[in-house]
Amino acid sequence: MKMWLLFSLLVIISFKTCLSEFTWHRRYGHGVSEEDKGFGPIFEEQPINTIYPEESPEGKVSLNCRARASPFPVYKWRMNNGDIDLTSDRYSMVGGNLVINNPDKQKDAGIYYCLASNNYGMVRSTEATLSFGYLDPFPPEERPEVRVKEGKGMVLLCDPPYHFPDDLSYRWLLNEFPVFITMDKRRFVSQTNGNLYIANVEASDKGNYSCFVSSPSITKSVFSKFIPLIPLPERTTKPYPADIVVQFKDVYALMGQNVTLECFALGNPVPDIRWRKVLEPMPSTAEISTSGAVLKIFNIQLEDEGIYECEAENNRGKDKHQARIYVQAFPEWVEHINDTEVDIGSDLYWPCVATGKPIPTIRWLKNGYSYHRGELRLYDVTFENAGMYQCIAENTHGAIYANAELKILALAPTFEMNPMKKKILAAKGGRVIIECKPKAAPKPTFLWSKGTERLVNSSRILIWEDGSLEINNITRSDGGVYTCFVENNKGKANSTGTLVITDPTRIILAPINADITVGENATMQCAASFDPALDLTFVWSFNGYVIDFNKENIHYQRNFMLDSNGELLIRNAQLKHAGRYTCTAQTIVDNSSASADLVVRGPPGPPGGLRIEDIRATSVALTWSRGSDNHSPISKYTIQTKTILSDDWKDAKTDPPIIEGNMEAARAVDLIPWMEYEFRVVATNTLGIGEPSIPSNKIKTDGAAPNVAPSDVGGGGGSNRELTITWAPLSREYHYGNNFGYIVAFKPFDGEEWKKVTVTNPDTGRYVHKDETMRPSTAFQVKVKAFNNKGDGPYSLTAVIHSAQDAPSEAPTAVGVKVLSSSEISVHWEHVVEKIVESYQVNWKNSRSVSYQRHIRTLGSGPGIHKRLSLLTQQIRYWASHDKEAAAHRVQVASQEYSARLENLLPDTQYFVEVRACNSAGCGPPSDMIETFTKKAPPSQPPRIISSVRSGSRYIITWDHVVALSNESTVTGYKVLYRPDGQHDGKLYSTHKHSIEVPIPRDGEYVVEVRAHSDGGDGVVSQVKISGASILSPCLLGFLLPALGILVYLEF
């Protein structure tokens, strides 16, 4: 009994000691229980560098700090590594934010950081600098005037006042605000020092200049006293060479920043500025300002580092300047720490790696205080190692922080979260792994038993380091109850499961190799035996990838009609379906697989490695590598070409004409010289034509002299003393080389010596030779050939043409005029007896000095002149007295008679008419001028139709008499058009009366049009519609009248 009491007392003391130990560590963030859900602080907002304007009216500045944690964190702030007294009235806290009231430069400028803590630990924020910004005014003293000779360069100094920070922007005022100088190639404002540079001064530069300075950080601007600039006139401005006065220095830039380089030169004339990167291409993100004085590189990268050069040049000389851009990088994480849980007593390697330029150094904080430098390794960890850790990577450009919480686990073993499976299935003859994964810290020891038998490692049984049990070559006797026992210095636990042995899965009908042709179907058989208590599934894979029957159901199908059978049907097989097919029969316990190969024979694959060599004018050599024959020997190859003349690929002639399947080289022949070609090769076997190779790069064949002569050589006609020669230009495919043109040769028909001229325009098909001594209508022999830089081609067939004719020398006779109406006259004449007359020109003008022309082409005749179709055209020209002849209107009509009808003339107007004979060489002398008058205009008043009365089988239409005005022709009668409604043609009547009878239409409606007629023409029309309703016949009327009388008598 005493021993039992003593044992109980020891157990109670041990439990209290353990509990007190856990409670002590839990309070300071060193211990973890199973139910522990809290976590240490994690920053969500950290302070940033802040510039407070000294003249700010706000009177306070805020530095932000916010973290999430459970329980909520407590915040502290430090300045220059000293604690801030938050009880002072100058400071206040809003959440974790520090508010400084009435900031003072002497007291408050410095480096700040925030500390957030709870009982899991403490973390320290990034450091932030609080600075005080200012921009002093310019000195009040007047600035002296600047006198510069015109044509000379000059600089106006800005000399900005004291300021912070150094992020000023500069502009210059001219005479008054807000008139600012516009920068161009001649004027430049440096954003480095604010100076205004003028490459050469002009008289227009005269004025008062003020430097305008702005600070974006504190939103303040100031401007200097005005500087008078007085250009001094020079009779002649002297040029001088470019002189670079704004020079950029070596620059250290951070990757990702934008970099600006300035370069400006004085000089007369104004120098041009060019930029380049020495020995390397310019960055793709580089931009040069319109004036050329500024180079900006956006988002600069490490590869953009190098020497940059600015060159200024005018016609008097050049100047160069070089400097280097060094690109460095802010620290960036490669691998950083994350929240971690480790077992008590274990080891920990916590990798923390960063990159940057210069390479960052690594230091560690634990709970906000310096802890370690470099790589961190912890051995045999205890609760003292728990807490909030911060890995800091820093170089000269700044620092980055990675925060993480380290929790130390110390737990007795338990299977509550991950017990062993109650039932484990394993196939006879197979292998099984029974997992044992309790939660425990430190790591427990493992012991296994089957029933009451303890298990140890043997040839078939292996207990893994993590506690799992592996059994190989399973037999029926291995079935039973298995228990895993675990123990550490905190306690013990066990978990039990039952192992059930099943029949193995076996392939009993394996797929066999198949050989098919493209487009055919193939069947892969597969059947298996398995434990009847389990479900069997078949999985097919192709070249190691599982077949998705839903996505690939066009070609792959399963046979679901047979039990225990996984037969695969491959429909319309293509070359891509050739390969290894694997059937896997599987249950939840085990699986079995068998494979077979499918060979798909088809047309060859594309040849590869196509190369073009030995390029000549009409042939090239091609080499290629053999493609896949797809299990059917290649019988031949075909070379195909494509040019700019067509988008289609065409078979090329080759040497040898038939390219056997064992060849990998041939020559394409009969190509067009000086033509751009693409080539490809196609293989063929007994199963068809394969896919073509990838097209070659474009090549151009060598040039050659033309071998085709121009066609359709002819010509003739033209102006006086001209010989016109024409031909059909050769298309591009027959040029065969550069500098393509034509040589035109001609000579008199009976001459001996050919005269030759060169036409350099390859698209022209016409040449006109002028010779004042050339006789009209002289026969010439002509021929044309093509040439290029390689030589001349053959001449065309010789053609006979004639030089231009002389203009007619006779004037038409017997010219007469007949007035037809107020707007028309007819002109006639006798034919000029000359063999070279092609047309007549009729000229007329009215008394208002409006002139007209009209050409009438006629048929030429006589020896030596080619017969041609008689084509008559007339051209009418007219213009007002205040217009120029070039503005005249023209109208052309056709006729074959020696007369012309002139229309659209003005009524009651005097006209003068003359006629000229013309041909291609010009017009002859005019005929005698004929004077004539057009008649007065026809009546403008339409007839007023009074009535339209039906009388028997006719209509009587009556209208008022039309009285002409004094400037109109007297009415001589009336014209009446009787036509069906909707048609233009009908029967025309003439009458001197004021009425007319027309027949009643048989059906539908008719229109009766009436208009007055006079010597000046027809007047305005009036019209009336009449109906075509049927009329009762006399016999029917005789029958109906007695019946009507009876009805009246009966008072019906």
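A Cβ is built for glycine as well, from the same backbone N, Cα and C atoms used for every other residue.
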From the ranges 131-151, 299-319, 698-718, 1013-1033, grab the one TrEMBL calls region 'Disordered'.
698-718
Helix-strand-coil residue split for the domain 'Fibronectin type-III' (709-806), DSSP-based:
3 helix, 46 strand, 49 coil
Quick one: do the domain 'Ig-like' (41-131) and the domain 'Ig-like' (331-407) reach 3+ CB pairs under 8 Å, ignoring pairs fewer than 6 apart in sequence?
yes
Secondary structure tally of the domain 'Ig-like' (137-223) (DSSP, helix then strand then coil):
3 helix, 39 strand, 45 coil
Which residue counts does DSSP give the domain 'Fibronectin type-III' (606-704) for helix, strand and coil?
0 helix, 50 strand, 49 coil
